[in-house]
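Asker: The structure follows.
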Amino acid sequence: MSEIKFFKFLVTKHVFYKSKHTFALVNLKPLVPGHVLIVPLRNTALRLADLTPEESIDYMQVIQLIHRFIQKTYKADALNIAIQDGPESGQSVPHLHTHILPRFATDGFGDGVYKMIEEFDAEKYYEEFDKRKEEFRKNIGAFSEKIPSDDDRRPRTPEEMEKEAQWLAGELEKFVSELDTSKVAIPEQ
């Protein structure tokens, strides 16, 4: 694999998937196990609007592929998918990236950004979604686990990240071989 950078940081050994325009890598300070990043290969794409039409299609296909993969691999009930688009939104690295975080009915933590999303009343149209959400709300007080602050999370070693990237690459290869390609596009590599 040729050299891959996330902004100015060399991350080649932390990448577990690479398409024509996009890569997926493990996170230096993950909020939860399975917290990964999707990033365009072109590190001059600082924001979502900077992607070309071809890059945009590839980027979304990779997000969808890794979304399915992380949900299955980590047996997640749901996922958070987040793009902080610009410094005022909290973007800390000036290179477009999308966070994918596995979530569980029992994880007991939330995020202010997603609280705003929860307040949107679309769930009234989705009976199953509504039932799951109510069950989660009933049980939220029963769990004390919270996302540790940035200061409380230690950066992982390059070796730890490389090991996880290698494991995820192998698992993703198996996952892709079992996919129904009529339902999901596999980006060109």
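Positions of Cβ are set from backbone N, Cα and C atoms, glycine also.
Predicted automatically and left uncurated, TrEMBL annotations should be read as such.
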Asker: Select one of H21, H99: the residue that TrEMBL places in the substrate site alongside N27, Q84, G90, Q91, S92, V93.
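Answerer: When TrEMBL describes the substrate site, the candidate it includes is H99.
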Asker: Mean pLDDT, the domain 'HIT' (2-114)?
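Answerer: That region's mean pLDDT is 90.
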Asker: Looking only at the domain 'HIT' (2-114), what are its DSSP counts of helix, strand and coil residues?
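Answerer: Per DSSP, the residues of the domain 'HIT' (2-114) fall into 33 helix, 30 strand, 50 coil.
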Asker: Hey, of the binding-site residues listed (N27, Q84, Q91, S92), which one tops the CB count within 10 A?
Answerer: N27
Asker: In whole Å, note down how far the CA of H97 (active site, tele-AMP-histidine intermediate) lies from the CA of Q91 (substrate binding site).
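Answerer: Their Cα atoms are separated by 9 Å.
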